[in-house]
Structure formats: structure tokens, C-alpha cells
Amino acid sequence: LNVAAVTSPVGIARLLQMTFGCATFSLVAHRGGFSAAYGTFCMFVWAFCFAITVFIIACEFTHLHSCLSLSWGNFTAAFAMLATLMSITAAVIYPLYFVQLDCYPIGCEVRDFRIAASVFAGLLFVTYAAEVFLTRAKPGQVTSYMATVSGLLKIVQAFVACIIFGALVNDSQYSKYVATQWCVAVYSFCFVVTVVVVAFSVTGKTALLWFPFERSVVIYTFGAVLLYVSAAVIWPVFCFDSKYGSPRRPGLCAKGRCPWDSQLVIAVFTYVNLLLYVLDLAYSQRIRFVSHI
């Protein structure tokens, strides 16, 4: 048995993740309560992260991961980054929609359970962020690709793309112009290729490809920067220019179901992802891909 799996700093962080994750969804399920899509998403995040964390601890403690056809270092680094993003999202959404200072009308006991769940949700995010900090690639260190800044940015890029897709389907009216449809094609293409890059890295199959994977990733990242530059120019013009859209939010637009709001969210996260791809391109010049760690 690998005792270091639970006694090392990373192992202790994972034990805390398991503890805080279990406490969070237990408090919510017992008395805190959840409803609608927001609450369901939060419960999914906590349950999913708890299950994968238990799986990782069990595999490392028993050396079972050596029997899996995965690049274990890439898998754990990718999951830690994904769990960090998902947990901070849930840690913001749950108190925003479910926590209130007054007892009426839910009762003081339910309010206290929700506050406690929110505290543990915040601690859960901190422990996942701590794992990312502890396992990230150090300067000059040969490590798995997903532990590098470029690898971690791939996870963030895909996560931001999911936010964009969520806003797109929320009555964004992207089909109104061919130009905005081009932007959707850019988001979709970059998301799919980024996920493929992560999948090949996690499965450790990069060495089996007939083309140089690392060079292809750098070329793709450069192409993604150019594509996102085009989207960053086209989307605001066709959504917020007075000739095609509306520079200001319409006064009669319903809260939560306003196309202008969705268009604004997409515009903001388009620039966020553009910045992420630029940073990715900069860092990808200085890394070395390792598929078997």
C-alpha cells in the first residue's frame, strides 16, 4: 500500500476534499435543500467531485492506477483544475440563490444548514485550488503536460467555452446573422479540438500518433488565437452596433430571458477565452510534452 498517497501534502489535500465535499452535499441533502437547475447543478458538482476524488485516493493508495490505461499524472492534474473551476462556480451559485439572512419563509434551521453548506463549499474550492498549486509544473521540471500552465489553461478554455454555449442557447439570437453563426462555429471548433487535446493527453496516446503532437498543439493554439480575434471583433459589432443590434439593454427586456444579456455574457467570455489562448500560446513555447507520466 502507498501510505504517501494520504500523508503527503497532495494526499492531505485530497482527504480534505473528500471530507468537505461529503459535508457539503450532506448538509444540502439533509436540510439545506436545493431546487431548479441551479441547485441541481451544485449538487451534481459536489457529488461528482467527491466520487472522482475517492476514486483517485483509492487508486493511489492501492497502486491500482498502474493497471489503468491512463496517463495518471495528466488525469489527476486535469481533474484537479476542472474540480477547482466547478467547485468555485457552485460555491458562488448556491449562496447566491439559496442563502438569505432572514429566517422567513424557509425557517432558521434550513437557513443555518444552507449557510454551513456554503462555508464548506468555499473550503472545498480552496482544497482543490491547493492541489493545483501543489502539483503544477515547476520551472525546469519534466512533468505531465496537463500539470503545465498550458495544460491547465486548456481546461479553463473548455470551461469558459461551456459558459459561452450556455449563453448561446439562452435565446441569444445567434442565428440572426451569418457573421454571428461564424462566431458560434469558432467557439465550437476550438472547444472540440481543445477537448481532443486533453483527451489524448489524459489517455496517454500522444506517442502513438503519426504526427508530432506537441507541434500540432502549438499550431492549433496559434490558429485558435486568430479565430477568437475574429469572433472578438465580429460578435460585439453584430450584437451591440446600432445598425445590427442594440448598444443598450432594451428597457422592456425581461430579466433572465433577455437576448441582450446573453449576448453581453458571450462577448465578455469571448475576450476571456481570447486572453487564455494568447497566454497558452506564450507558455506553449517553453514546455516539453510527456505522455507516459
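Heads up, the Cβ atoms here are built off N, Cα and C, so glycines get one too.
Where the annotation comes from TrEMBL, it is an automatic prediction and has not been curated.
Listed features, source TrEMBL:
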- 5-140: domain 'MARVEL' (DOMAIN)
- 145-289: domain 'MARVEL' (DOMAIN)
- 36-58: transmembrane segment (TRANSMEM)
- 70-93: transmembrane segment (TRANSMEM)
- 113-134: transmembrane segment (TRANSMEM)
- 146-169: transmembrane segment (TRANSMEM)
- 184-210: transmembrane segment (TRANSMEM)
- 217-238: transmembrane segment (TRANSMEM)
- 264-283: transmembrane segment (TRANSMEM)
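For the domain 'MARVEL' (5-140), the DSSP counts in helix, strand and coil order read 113 helix, 0 strand, 23 coil. In the domain 'MARVEL' (145-289), helix, strand and coil residues by DSSP number 110 helix, 0 strand, 35 coil.
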